[in-house]
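These come from TrEMBL:
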ACT_SITE  His110  active site, proton donor
BINDING   Gly16, Thr17, Asn18  N(1)-(5-phospho-beta-D-ribosyl)glycinamide binding site
BINDING   Arg67, Met91, Arg92, Ile93, Leu94, Asn108  (6R)-10-formyltetrahydrofolate binding site
DOMAIN    6-183  domain 'Formyl transferase N-terminal'
SITE      Asp146  site 'Raises pKa of active site His'
Amino acid sequence: MEKSRKRLVVLASGEGTNFQALIDAKGQYPGEITALVVDRECNAVKRAERHGIPVVKVLAKDCKDKREFNTRLLQELEKLRADYYLLAGFMRILPPEIVHRFPKRIVNIHPSLLPAFPGVDGVKDAYLYGVKYTGCTVHFVDEGVDTGPIIGQRVVEIVDGETLESLREKIHQKEHQLYVEVVKNLCSKRVVVNGRKVEFF
């Protein structure tokens, strides 16, 4: 691997569709996914195995409590030495000790236009609230829940007759496009974070 290519580690807990989008677009950015980290057995593991990407399992069921899990996760992330850690449906809130260890290097994708509708189900929350536009956001991870500096966003219109299922699918499609674009920028441009403002040069 060339020195100029960024080392990327993806963390996932589920289906892994955003992970797959990053795999499929690997020729579009100067980076390499060097590992997948999972906290449970999930379909993302199968995707990694199909593409020869090493899998690191830090299984919550094998840990006696959250503290042990977080300690083991931090140890594994440190060993992987990534430039960026990309959360792709990783269903865990990272503790301060992990966030502080990798400042502005942990990236998350969320299915709403933050700061609106943070939390577990941003799609459903936006749908039930009745907003006309929602979307997805990629942001750096801080100590809060979906509160870190925003890197990129995409807008989705909620049309008349929209169902929750159709809205989820529209947002998923936008997520795949946005995450690839953000990773491309992170790998190929200089990133400047000034307070809450994120810019690329």
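Glycine is treated like the rest: Cβ placed from N, Cα and C.
Where TrEMBL records a feature, it is marked here on the structure.
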residue	record	DSSP class
Gly16	N(1)-(5-phospho-beta-D-ribosyl)glycinamide binding site	coil
Arg67	(6R)-10-formyltetrahydrofolate binding site	helix
Met91	(6R)-10-formyltetrahydrofolate binding site	coil
Asn108	(6R)-10-formyltetrahydrofolate binding site	strand
Asp146	site 'Raises pKa of active site His'	coil
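Under 8 Å, Cβ to Cβ, and six or more positions away along its own chain, Asn108 ((6R)-10-formyltetrahydrofolate binding site) finds Leu87, Phe90, Val138, His139, Phe140, Val141, Asp146, Gly148. In this view, the densest Cβ surroundings among the binding-site residues Thr17, Asn18 belong to Asn18, judged by other Cβ atoms lying within 10 Å. A gap of 15 Å separates the Cα atoms of His110 (active site, proton donor) and Leu94 ((6R)-10-formyltetrahydrofolate binding site).
Annotated pair Met91 ((6R)-10-formyltetrahydrofolate binding site) and Gly16 (N(1)-(5-phospho-beta-D-ribosyl)glycinamide binding site), C-alpha to C-alpha distance, rounded: 12 Å. Arg67 ((6R)-10-formyltetrahydrofolate binding site) and Gly16 (N(1)-(5-phospho-beta-D-ribosyl)glycinamide binding site) are 25 Å apart (CA-CA, integer value). One way to see the shell of the N(1)-(5-phospho-beta-D-ribosyl)glycinamide site is to take the Cβ centroid of Gly16, Thr17, Asn18; the remaining same-chain residues with a Cβ within 8 Å of it are Ala12, Gly14, Glu15, Phe19, Gln20, Ala21, Ala44, Arg47, Ala88, Gly89, His176. For the pair Thr17 (N(1)-(5-phospho-beta-D-ribosyl)glycinamide binding site) and Arg92 ((6R)-10-formyltetrahydrofolate binding site), the C-alpha distance works out to 17 angstrom. Here the C-alpha separation of Leu94 ((6R)-10-formyltetrahydrofolate binding site) and Asn18 (N(1)-(5-phospho-beta-D-ribosyl)glycinamide binding site) works out to 19 Å. Just so you know, of the recorded positions Arg67, His110, the Cβ with the fewest other Cβ atoms around it within 10 Å is the one at Arg67. Less than 8 angstroms from the CB of Arg92 ((6R)-10-formyltetrahydrofolate binding site) sit Ser13, Asp39, Ala60, each of them six or more residues away in the same chain.
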